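Swiss-Prot annotations:
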{"type": "ACT_SITE", "residues": "His46", "note": "active site"}
{"type": "BINDING", "residues": "Tyr49, Lys88, Asp498, Gly535", "note": "ATP binding site"}
{"type": "BINDING", "residues": "Glu90, Asn536", "note": "Mg(2+) 1 binding site"}
{"type": "BINDING", "residues": "Ser91, His92, Asn93, His94, Arg113, Gln237, Glu309, Ser310, Gln311, Ser538", "note": "substrate binding site"}
{"type": "ACT_SITE", "residues": "His92", "note": "active site, proton acceptor"}
{"type": "BINDING", "residues": "Asp114, Asp265", "note": "Mg(2+) 2 binding site"}
Amino acid sequence: MTEPITPEIVAQHGLKPEEYQRILEHLGRTPTLTELGVFSVMWSEHCSYKSSRVHLKTFPTSGPRVLQGPGENAGVVDLGDGLAAAFKMESHNHPSYIEPYQGAATGVGGILRDVFTMGARPIASLNALRFGDPSHPRTAYLLEGVVAGIGGYGNCMGVPTVGGEVAFHPSYNGNCLVNAFTLGILPADKIFRGTAAGVGNPVMYVGAKTGRDGIHGATMASAEFDASTEEKRPTVQVGDPFMEKLLLEACLELFQTDAVVGIQDMGAAGLTSSSVEMAGRGGNGLDLFLDQVPLREEGMTPYEILLSESQERMLLVAAEGKEELVRSICEKWDLDVAVIGRVTASGRWRAHWRGAVVADLPVDPLTEGAPKYHRPMAPHPALPALHAFDAAALPEPADLGAALLRLLARPTIASKEWVYRQYDHMVRLVGAVRPGGDAAVVRLAVSHDAHAHKGIALSVGVNGRFCFLDPYLGAMHAVAECARNIACVGGEPIAITDCLNFGNPEKPEIMWQFAECVRGIGDACRAFGTPVVSGNVSLYNETEGQGILPTPTVGMVGLVEPVERTCHSTFRDAGDVIALVGSLQGEVGGSEYLSAEHGKEAGRPPALDLAREKAVQETVRRAVRAGLLSSAHDCSEGGLAVALAESCMMHEVPADGSKPAWIGCAVRIPFPVRKDFVLFGEDASRILVSLPKENAARFVDLAQQCGAPVIRLGAVGGDRLEIQGALSVPVEDLARAWRDGIPAVLRRDAAHAGTTAPA
């Protein structure tokens, strides 16, 4: 007997009444409960991008290196010499807040599958994490669980986590962010896509068995949190990295045959989304026979089978007649494998169960015909007052050295060593620059002379405070800083992926933030020649009406060639000259300093001149490639003083303890405005460099050729950070504050906790 579809059931499926009316119009009848479940997940924000798609279409997505842009499992760019890179970034925010270890672990698993589905072997991962106020009772619990989940899954897969960023802000108290990025390498002429082509071709299920975990995960990821958050724990998937490792190796072996026509990861919305999307891309229909799906639990219904988000599963369209070849390879790797359907010419998506059709839907309304909203937009009403804020009226700290120590201890600025020590960043020995620097650099793990000198630079980042105060400018800063980080290691930016994390799009101010950030990313990408080739949107990041800062995370990929000629972030040799490429403006709007010292999050983000930015980057990139520099470090959170301090102490400690993990410096800074503003302001387009004295004249000439200003500041040496007329602090004290920032958060939690998982 068919269950009646009531307004309550429609609402439980996350559908608006007007959306249900559209379903009735598409079908000309009442849907079954199973069909309603299919529409629910396919029309969720997570799968349909119904609020964001109209804005995303404005991104630049093509370029001379782009082999695959948005719309597939991952973007692909040409690295030259027959080699390509596939990469993407995705969010797993809502699951990670509910169940931090499994939420983060399965986020890593999902992004790895997106990349190797394209035919690529993953070689490097990064992540961008956001947590609440360090003093919030849940922050330490989430931090420990998320980091353990990322490390646990990635380490078992043998894919190094080579970098990333972690930041803390009260807006994330009820909604942490876990954005995972993976890059893989593949032959440029062997890209696999998620398409159901070839009428009559078999549809095959490969991987782990299907259980009840994760049902309606996509719908949950498209809703705000409330007091019932803990009840959503069953919608979080459970990952098995060892199964995923088998799946990875089996897929890569299958790609060496002629058996694979199309392949798609079963991620959000599971078998439903993967099969519908493949049918949509192929312009065909699909018949699924759910009796053939390998099941882990007894008594599962068609509804549960279709909407399960059990992990480590792939849907594959094989060439007709190649079923046994696929089966033999999958069984060799101890994977479940079954023919569960056929490609049809009907243009319809049908699910069969025990001889009956339990779902019969047209493909188009589930894909391109899904709702597309032009939601109302309006600037945030608080912005005029925030922009009018005058920082000049604030008192200047009596002790600038003490202010620097406090900034260095802020978890957003402090050393992330506690985090990356839990990740295996040395597996496969691909790292050319260790974690903790501006950008990760990985060698291409391929045995070919033409590739031996190629490396890839990777950077992720965004400043959510900037994006709140000025979404357009803040998003441009995100792209510019990633490009600047890549320039610091001698890389040439190629392309970006993004992960756009926002609050409730039904609020006009949130939709305005989103649209402005998209516009900012697009304009900056056009300026840098870095098309957007993949990405993800995560909306409804709110808890009981409180939204996060707009957080459009950017992940950028650059080419480093030759990879032997790169650069580190830390001062190297006593006597080296220290210089600033860029200028001194003392812009503190939206800065970490303003928040830390004065409790203010106001003003405007620093101005950004893209022509100046490109000149600064080109100067440093060319200097690195010419071997002129000992170090190069981007000035960002905390400003010039923090950049100087980090350059003094971001050293690996020698195993024999023969020298300390720091070196001092003495500089003289011209102060055009207040000293604290110049020291801690986060002016754009600045890179701190050090270089041997004999290279100084050549470097200044190079900067003039590129049109970038250079200010000579001082020299490396000693055991103190000395800024003439401002501060003098032992580097050992700076290092102690900097290294203890995150461990202090965990100690505070342990001291007053006594419970494993605070409510």
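A Cβ is built for glycine as well, from the same backbone N, Cα and C atoms used for every other residue.
Of the listed recorded positions Lys88, His92, the Cβ environment within 10 Å is emptiest of other Cβ atoms at Lys88. Closest by Cα distance to Asp114 (Mg(2+) 2 binding site), from the binding-site residues Lys88, Gln311, Gly535, Asn536, is Lys88.
In this view, the densest Cβ surroundings among the binding-site residues Ser91, Asn536 belong to Ser91, judged by other Cβ atoms lying within 10 Å. The binding-site residues in question are Glu90, Glu309, and the one with the fewest Cβ neighbours inside 10 Å is Glu90. Relative to Asn536 (Mg(2+) 1 binding site), the recorded positions with Cα atoms inside 10 Å are His46, Lys88, Ser91, Asp498, the candidates having been His46, Lys88, Ser91, Arg113, Asp498. For the recorded site, Asp114 (Mg(2+) 2 binding site), the DSSP three-state label reads helix. Here the C-alpha separation of Glu309 (substrate binding site) and Asp498 (ATP binding site) works out to 23 Å. The Cβ of Asp265 (Mg(2+) 2 binding site) has 29 other Cβ atoms within 10 Å, all protein chains considered. Here the residue listed as 'active site, proton acceptor' is positioned 14 angstrom away from Asp498 (ATP binding site), judged by their C-alpha atoms.
Within the set Tyr49, Lys88, Asp498, Gly535 that the record links to ATP, no two Cα atoms are more than 17 Å apart, and one pair reaches that distance. Those residues of the chain, other than Tyr49, Lys88, Asp498, Gly535, with a C-beta within 8 angstroms of the mean position of the ATP site C-beta atoms are Leu56, Pro70, Met89, Glu90, Thr497, Cys499, Leu500, Val532, Ser534, Asn536, Val537. Candidate binding-site residues: Asp498, Gly535. Fewest other C-beta atoms within 10 angstroms, Gly535.
Ranked by how many other Cβ atoms sit within 10 Å of their Cβ, the binding-site residues Asn93, Gln311 place Asn93 at the bottom.
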